[in-house]
Amino acid sequence: MANTPTAETRAGWSLVSVPAVYVLLMLAAPLLLVFGLSFVGLQGGAKVALPLQEGQDLQFTLSNYAKLFCLSASESCSSTDVRMAQATTTAMLRSLFVAALVTLTTVVLAYPVAYYVSFHVAPSKKALWLFLITIPFWTSYVIRVALWRTILGYDGAVDATLGAVGIIDQPLNLLQYGTASIIITLSHAYAPFAVLPIFVSLEKVDHSLLEAGQDLGESRWTTFLRVTLPLSMAGVVAAVLIVFIPTVGDYVTPELIGGGKVPMIANFIETQMWKLRNQSMGAALAVSSMLIVGILALIFVLANRRFLGVRK
Amino acid sequence: MKKGLGLRSYTIFYLIVLYAPIIILPMFAFNNATTVAFPLQGFTTQWFSEMLANTNLRKALVNSLIVSLSSATLATVLGILAARSAVRYSWPGKGLVMGSIMVPLVLPEMIVAMSLLVLLLAMGIKLSLFTIILGHVLMCMPFAVAILTSAFQTLDKSLEEAALDLGENAWSTFRLIVLPLVMPGIMASFLITFTISIDEFIIANFLGGGEPVLSVFIFTAFRFPATVPPVLALGTMLVAFSIILLTIAEYFRRRGVAKAGGKDSGGFL
């Protein structure tokens, strides 16, 4: 049927047009709208709450972004603005700190698992192992996160176990350490995300290279460091990004585990967009946080580009 | 293989930790105590009967089923179109279009939910179960496309060409040859996207306009200690249900691989 390039192109496009238009309307348009909203305001600095009322005219302004930088009081920054900017900055830094630690934990703990499944499991059993690793990820995120409350909380599983063994005589109630509990919970929730990309890149490693390394006098450990690890770095980079980006924007865990006392940036975006109906401010917050995460991700990819370029 | 043994025990330990919350869940769902704390107090099915008697919960269950069935169907249909187009034909702009479909995988959900919310508000569309479905289809499509792409890839192109040579037209070839061979992939995609949709919380919470669905019900219940035990019973049933669906999906995926005569190379993605 589609033998000439034009006919083939037409066939491909007509099939993909419906999903493509869907993504355009439901993803591209909303993201562009948020970007636009972050640069507008109303006369007199009133908040922009959609839908607009009769007679409200949007004007171009940078004041939404300016408010985010109100770190000390001045003529353009009211004391409310300063408190809000400081709290937002704290939440953003906390989000980055939490996401960085979660990423480090998940990737370091996941690498040996991916290595074991790729190198030591019989090919016919690999699918079963991956299935076992991914099942918990497919069960309700809210339930898994909430259960950590019962594990970490007062007289929870951790307290009960340590108490029974005799390590502690008072309940620890780890839940009172908000940020630490959030890091533990998120590291658990995103664990399978880290295993899969590393596994995929390890599967592509040419085993004859490892034999060559050992024939040439390398030990197992140095072969791993000098051959296997560099060849699997593409998977590690993918794992880092796939864990880091969603955890920066996590909402459920700070709400359920931190009890709302240690908010992360997504909780602030939700407050502006939803609770306060201050949507242009929320948009500025969303755009700036995405920009920060985007820049960090880009730096990380560029820093590792020598590993990404060597693959055939 | 001494090294393999160490790695093996580490991996098994890792799996135990991974499953810890899911193992603890039924322990407390059947525990005869109003507080969720060790030691366990004894066996009861009280929380299950309390949960089944809750009318709000029944409403949420019906709503969730409507949302998940619609989202899974739509996402799978859109996924079939995109995956078939990407695998079978070459066309300019493929990387861009297929990449855009995958974007929700790497965007924080809050960003996706809030941008959709802003668009719906700006257009004056009332929030309802329908708007949750709009968001869920977007979130589910990357998974559907990933599963279906690998299903279409295992398809032998010469089978289609043979059917065409023997006088079938494009549509009957698709219906008689392609569809039966990718059916396991379609089933897997439907079950996976159904599971994602029924568990999804953020879009369901913000785009639902106050209509209760299961994930929102669970989230709210966990914030108040008194409602925790019945919701643990609900959670136990949901997790069991998810695991059953996933096992069926995995069965279909493997059957698909076997049918196409391919080599089983790994999980869903």
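Even glycines carry a Cβ here, placed using N, Cα and C.
In TrEMBL, annotation is done automatically, which means it is predicted and not curated.
The domain 'ABC transmembrane type-1' annotation in TrEMBL covers A:92-302.
Look at TrEMBL and you will find A:20-42 (among others) tagged as transmembrane segment. Beyond the ends of the transmembrane segment (A:20-42), by six or more residues, the same chain brings 48, 56-65, 279-280, 283-284, 286-287 to within a C-beta distance below 8 angstroms of the stretch.
Sequence-remote contacts of a segment are chain residues at least 6 beyond its ends whose Cβ falls under 8 Å from one of its Cβ atoms, and for the transmembrane segment (A:93-115) they are 133, 179, 182-183, 186-187, 190-191, 193-196, 198-199, 202, 228, 235-236, 239-240, 243-244, 247-250, 262-266, 289, 292, 296. The annotation transmembrane segment is assigned in TrEMBL to A:93-115 (among others).
Marked as transmembrane segment by TrEMBL: A:127-144 (among others).
Residues annotated as transmembrane segment in TrEMBL: A:180-202 (among others).
The transmembrane segment feature in TrEMBL is assigned to A:223-245 (among others).
Marked as transmembrane segment by TrEMBL: A:283-303 (among others). Cβ atoms under 8 Å from those of the transmembrane segment (A:283-303) belong to residues 34-38, 64-65, 67-68, 88, 92, 95-96, 237, 240-241, 244-245, 248-249, 265, 268-269, 272-273 of the same chain, restricted to positions at least 6 beyond its ends.
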Any residues 6+ beyond the ends of the transmembrane segment (A:127-144) with a Cβ under 8 Å from its own?
-> 113, 117, 121, 188-189, 191-193, 195-196, 199, 252, 256
